[in-house]
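Listed in TrEMBL for this protein:
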type: TRANSMEM; residues: 263-285; note: transmembrane segment
type: TRANSMEM; residues: 329-353; note: transmembrane segment
type: TRANSMEM; residues: 359-384; note: transmembrane segment
type: TRANSMEM; residues: 396-420; note: transmembrane segment
type: TRANSMEM; residues: 432-455; note: transmembrane segment
type: TRANSMEM; residues: 483-509; note: transmembrane segment
type: TRANSMEM; residues: 515-543; note: transmembrane segment
type: TRANSMEM; residues: 555-574; note: transmembrane segment
type: TRANSMEM; residues: 586-615; note: transmembrane segment
Amino acid sequence: MCDTGAFYVPGVAPINFHQNDPVEIKAVKLTSSRTQLPYEYYSLPFCQPSKITYKAENLGEVLRGDRIVNTPFQVLMNSEKKCEVLCSQSNKPVTLTVEQSRLVAERISEDYYVHLIADNLPVATRLELYSNRDGDDKKKEKDVQFEHGYRLGFTDVNKIYLHNHLSFILYYHREDLEEDQEHTYRVVRFEVIPQSIRLEDLKTDEKSSCTLPEGTNSSPQEIDPTKENQLYFTYSVHWEESDIKWASRWDTYLTMSDVQIHWFSIINSVVVVFFLSGILSMIIIRTLRKDIANYNKEDDIEDTMEESGWKLVHGDVFRPPQYPMILSSLLGSGIQLFCMILIVIFVAMLGMLSPSSRGALMTTACFLFMFMGVFGGFSAGRLYRTLKGHRWKKGAFCTATLYPGVVFGICFVLNCFIWGKHSSGAVPFPTMVALLCMWFGISLPLVYLGYYFGFRKQPYDNPVRTNQIPRQIPEQRWYMNRFVGILMAGILPFGAMFIELFFIFSAIWENQFYYLFGFLFLVFIILVVSCSQISIVMVYFQLCAEDYRWWWRNFLVSGGSAFYVLVYAIFYFVNKLDIVEFIPSLLYFGYTALMVLSFWLLTGTIGFYAAYMFVRKIYAAVKID
């Protein structure tokens, strides 16, 4: 279910290489989970090719901060290179100015990683961890894990060292052919072993090839940020044959040691949700049956008059709330988000958005959100009509701009800070204009179109008439407070998706790949079910307490799990990330605010519609004189 690496998207076709064909190595970006600011490769004084060309990128790649560019590494298929010097004119070492040295030293101390790709495969560094299970030294098992990219350098006793020699290890798979044809090869893995080798220990000759020092007697290349530094940039290439087929070449990057955790958490969530739904349905159906039977007994009318409970508010339960336009607009955006997330997760689960097609997930999500404006507009328009609204044009404008406007505003402010840092994570101005054009050129007209038809359609029929005079609301108990409701309602849906949230966070903030969309789809369904149940219970209690102002309250309370997501995000920030500077912290909390807002809209909308259907059902079942 979760192995999306196994079958491939149309459009990502394998490339066949012949012996000595050039295999191009490109650079993607530099990243660090400490600063959260990606930089492009040539922001540091690496060796440059004679002509720098950037790859044309899709929307998702631009938003992620990828700037894919060519590099001077010359790699030929299945051809070894012992040691080669980059950009050395007549054997002179590269000199880094004081300014450049300071920049390089700063990036190394901020834990930056360099990301390269060969034939669209990202480079990985192999980490061998010895897990000594039996306590016996002979039986030490090697646990191989891969780190994305390679470290720019390392620090040791307050000195900073740069990885200036890269040993590329590329694995190829030989394709089976007819007898008289030449062999073709496909790249199936790309590893690097970065090393730091001092200028004095490298011997170079006129043909820009070099000799690496023997054994362990070499010292690393130090970068002193207070003066000029001289060094060589060198690399070597080694090819190995591999049994890995091209179709499963991504498995190394996606192997996760803890798939069991996912299954465990999902089974756990499913059991909890079914157990709860069983209890809830039993309680609610039994109580409702009793209520409805009591209310419908016409013979002892006197008893019923003293009854308390939800029947008493029948004349007020469908009284339109305050600010119906804003409520319907937010619910419209919630429907838009719901449709987008459902389709994206479903398509990704089928393996169409695997990490090999870079940026596809982000691009798809953006476009889908725009196009789902029709459904958002339609549901908002119909609800607005039901709530006795009249100004449909203003309502449609509100739906199209309220939530996207907040998102755009926050992103724009954060983007200004990223621009100030000259990071490649800043969305370029043309892309921003393009996004605005999409918003006002695609999304807005579609929302208007949907709103128009939704507003013209028959409003939802409410089973009971609303009284002229609003009824007095009795004083409420402390546990009917809104905030208590949010705390109570949020804990179950949050518990159901808590583990998945951890993996999504590490994918966003620690540059991991997230690909377990099968699990995510299950979690999403569990989330929908648990939100609906909790919402129905909360609205039932509220109406039993004779408080008929349920519209806004239910929308707020159903989104209660967003509050827990916020708390979890703060916990994650303190415990998992070592972010210390102001701008990375601002970015983290800015994007977290967007996630929490979107999550609240999503869960609030699910809960609201579940509660609305429930309320219409129960009032249709009682006879009202």
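Note that Cβ sites are derived from N, Cα and C of the backbone, with glycine treated the same way.
Here the transmembrane segment (586-615) does not touch the transmembrane segment (359-384). Their Cβ atoms form fewer than 3 pairs under 8 Å, with each pair 6 or more residues apart.
Contact check: the transmembrane segment (555-574) against the transmembrane segment (483-509) gives at least three Cβ pairs closer than 8 Å, residues 6 or more apart, which meets the contact criterion. When each of 263-285, 329-353, 515-543 is scored by its Cβ pairs under 8 Å to the transmembrane segment (483-509), the top-ranked stretch turns out to be 515-543. Most Cβ pairs under 8 A with the transmembrane segment (359-384) among the ranges 263-285, 329-353, 396-420, 432-455 are made by 432-455. Nonlocal intrachain contacts for the transmembrane segment (432-455), taken as residues 6+ away from its ends with a CB within less than 8 angstroms of a stretch CB, comprise 59, 332, 366-367, 369-371, 373-385, 392-393, 395-396, 399-401, 404, 408, 412, 415.
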